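Peer 1: Please find one structure pasted underneath; my questions will follow.
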Amino acid sequence: MAAGLRKRGRSGSAAQAAGLCKQWLQRAWQERRLLLREPRYTLLVAACLCLAEVGITFWVIHRVAYTEIDWKAYMAQVEGVINGTYDYTQLQGDTGPLVYPAGFVYIFMGLYYATGRGTDIRMAQNIFAVLYLATLLLVFLIYHQTCKVPPFVFFFMCCASYRVHSIFVLRLFNDPVAMVLLFLSINLLLAQRWGWGCCFFSLAVSVKMNVLLFAPGLLFLLLTQFGFRGALPKLGICAGLQVVLGLPFLLENPIGYLSRSFDLGRQFLFRWTVNWRFLPEALFLHRAFHLALLAAHLTLLLLFALCRWHRTGESILSLLRDPSKRKVPPQPLTPNHIIVSTLFTSNFIGICFSRSLHYQFYVWYFHTLPYLLWATPARWLTHLLRLLVLGLIELSWNTYPSTSCSSAALHVCHAVILLQLWLGLQPFPKSTQHSKKAH
């Protein structure tokens with residue numbers, strides 16, 4: 001009798017869910033003209049695009065030739081660790097020394113065994129295809145929660161990008177591994193799982209250091225939400241995980257590990273740059289140019305933090321206090337206006353002032369571009385102009401080798417997006433500030 005009731009209950013709930021799904025699809029069909037324009041249909045459009053991506057990715061793997069760049073070097077570096085070498089200064093590959101943190105070693109060690117010591121390229125491509133689809137799923141979940149970007153834009157974010165497909169399944173770089181962990185971290189932050197979000201953020205940093213471009217935004221969010229004392233445990237998670245992962249290498253040669261895996265002064269080759277091709281090579285390599293970029297990067301981060309991210313009307317130093325002791329209680333961290341905007345903007349500012357961008361670095365910000373362009377209202381930037389900026393960025397990254405024109409076009413597009421972000425996020429209204437002080 002009880003079993004019969006359980007079966008009826010399950011069938012009833014399944015029928016109810018099927019009925020709700022049917023009603024939702026009927027409503028979507030009735031409003032099909034709005035399907036590609038209304039953000040509330042993000043999940044439906046995303047599901048269709050993910051199905052299309054399965055076929056596209058399968059076609060790319062089987063029809064487009066694989067190009068060896070760094071995969072063999074990764075496998076050689078990991079093999080050195082497997083053979084018992086824990087001194088980072090002794091770990092080498094075909095393209096040079098190992099320059100990534102310990103998380104990279106452990107993840108690619110798993111890929112080493114999964115692909116027959118790195119020899120089964122097709123298996124590696126299939127694994128990276130799954131990684132690509134997982135990245136899309138995590139990105140679509142972020143866009144679904146922000147509910148700001150019209151779904152028609154997502155076609156250009158996935159199916160239409162040759163370069164991104166190439167980075168994932170034809171080149172097998174480590175950049176996609178770092179970014180899928182980063183997007184998982186952002187989803188956890190949106191779910192208010194701050195500890196787990198910081199954990200996966202640190203794990204992403206341990207694969208490739210570029211994820212640190214999101215760090216200023218994350219620090220601002222932690223201070224906003226918890227104050228200085230409350231943020232310390234979350235920052236401790238980030239730092240502690242780095243120590244735990246790097247412990248075998250730190251015990252062997254701590255200076256060698258830190259200098260190789262977190263080398264902030266590493267020099268880049270001019271022939272691979274995508275963003276500074278129009279400069280003379282001597283200027284590109286000059287230390288003063290690097291310091292100027294760093295100064296501009298930090299200045300713009302500070303301006304955004306003071307004038308755009310911090311919107312309570314109090315001094316930014318108020319973030320150091322416990323939220324309960326502030327004059328203006330912190331507003332809930334909504335997915336759109338606070339968390340995603342702060343993190344994506346922080347990363348984008350770093351991209352704009354990078355000393356050099358190589359072709360695989362495109363995935364550092366590619367999936368954030370629709371949000372950066374569409375999330376903030378701007379009458380002067382129409383849908384057509386936004387698509388033009390998106391297309392010019394894609395064209396710049398697909399120009400090989402890069403030219404002075406492609407690099408200049410990339411900077412112009414970046415400048416348009418920065419202007420859009422600055423004008424779109426208005427400062428805190430003065431009238432509201434005065435009214436709160438009076439209250």
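Every residue, even glycine, has its Cβ placed from backbone N, Cα and C.
TrEMBL lists 41-61, 98-115, 127-146, 177-194, 200-223, 288-307, 361-380 with the feature transmembrane segment.
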Peer 1: Return yes if the transmembrane segment (127-146) and the transmembrane segment (200-223) have at least 3 CB pairs under 8 Å (sequence gap of 6 or more), otherwise no.
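Peer 2: Since fewer than 3 Cβ pairs under 8 Å link them, the transmembrane segment (127-146) and the transmembrane segment (200-223) do not come into contact.
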Peer 1: Count the CB pairs under 8 A between the transmembrane segment (200-223) and each of 41-61, 98-115, 177-194, 288-307, 361-380, then give me the winner.
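Peer 2: Per the Cβ count, the answer is 177-194.
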Peer 1: In terms of Cβ proximity under 8 Å, which residues at least six beyond the ends of the transmembrane segment (41-61) contact it?
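Peer 2: Same-chain residues near the transmembrane segment (41-61) but 6 or more away: 28, 34-35, 122, 125-126, 129, 132-133, 136-137, 140, 143-144, 147, 149, 151-152, 154-155, 158-159, 165, 168-170.
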